[in-house]
Ligand code: IPD
Ligand code: CA
Ligand code: CA
Ligand code: CA
């Protein structure tokens with residue numbers, strides 16, 4: 001994409017995300033319509049659906065040829081994201097936090113062109129923190145440019161996980177946790193990425209769907225984080241998969257510990 005077109009995309013996405021966030025805050029003053037999906041802990045609300053529909057409409061109007069991969073049922077032309085322009089939309093990330101806490105949730109969009117990272121945006125709605133940018137633009141927290149991730153040993157930083165990962169992979173991950181500075185669970189991939197990008201946490205281990213990872217991937221990889229599956233291979237971003245997000249040194253240590261505990265089982 002030409003530089004001017006990329007600036008335009010950046011402006012449009014920031015505008016749409018801030019508009020969706022303003023609507024979200026407004027709707028939060030009314031009772032939410034809460035529905036369950038696959039289980040009682042898998043929620044969707046009227047706001048998730050309204051935001052998804054809003055983004056689908058904006059993207060279709062400005063980028064009619066683009067593919068859209070969204071969590072809440074608005075997948076349009078979603079075939080191979082390695083071809084053409086693809087928007088991955090998570091209209092509310094951390095829906096459980098949204099429902100239970102009315103904070104600590106995010107709106108996220110990741111954009112890829114022919115399989116290459118182009119632009120990512122994560123908005124922590126209630127903290128009014130916008131993380132945005134891409135490899136050709138740099139990465140920003142609101143207007144402040146963010147620095148490359150510190151490449152330090154596992155022992156020097158905090159590890160973030162999701163609850164499911166903690167419960168189901170406990171044995172494999174136990175040594176990783178022990179050798180880190182400590183473990184944190186934020187309940188939203190977007191809020192967790194915000195911690196990584198700011199340098200408040202070092203690594204994130206989770207099982208994430210394409211819309212959970214797409215935006216954070218653009219931002220984190222640009223700042224020097226690696227993203228690999230538990231076998232140390234690149235992720236596919238076509239289905240939910242286990243993954244580690246960390247700078248090089250910590251990544252090598254985590255992969256080695258996990259491989260060792262696997263063979264020791
Ligand atoms: C979820 C959150 C959560 C993560 C789950 C995601 P959602 O997204 O990011 O932190 O552990 O894997 O599905 O469903 O609230 O958008
Ligand atoms: Ca969900
Ligand atoms: Ca969501
Ligand atoms: Ca999500």
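Here the Cβ of each residue, glycine as well, is placed from N, Cα and C on the backbone.
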- line: Mg(2+) 1 site partner of 71, 212 according to TrEMBL, chosen from 92, 185, 191, 227, is 92
- request: Around the recorded Mg(2+) 1 site, report the further residues of that chain (criterion: Cβ within 8 Å of the mean position of the Cβ atoms of 71, 92, 212; site residues excluded), sequence-ordered.
  value: 48, 72, 89, 90, 91, 93, 95, 108, 189, 209, 211
Task: Pop the Cα-Cα gap between residue 90 (Mg(2+) 2 binding site) and residue 71 (Mg(2+) 1 binding site) into the table, whole Å please.
output: 6
Rounded Cα-Cα span from residue 93 (Mg(2+) 2 binding site) to residue 212 (Mg(2+) 1 binding site), Å: 7
Message: Just to be sure I understand the contacts, which binding-site residues have a Cβ under 6 angstroms from any atom of ligand 3? Candidates are 71, 92, 212.
response: 71, 92
Query: Cβ distance under 8 Å to residue 93 (Mg(2+) 2 binding site), same chain, sequence separation 6 or more: which residues?
result: 105, 106, 107, 108, 122, 188, 189, 190, 191, 211, 212
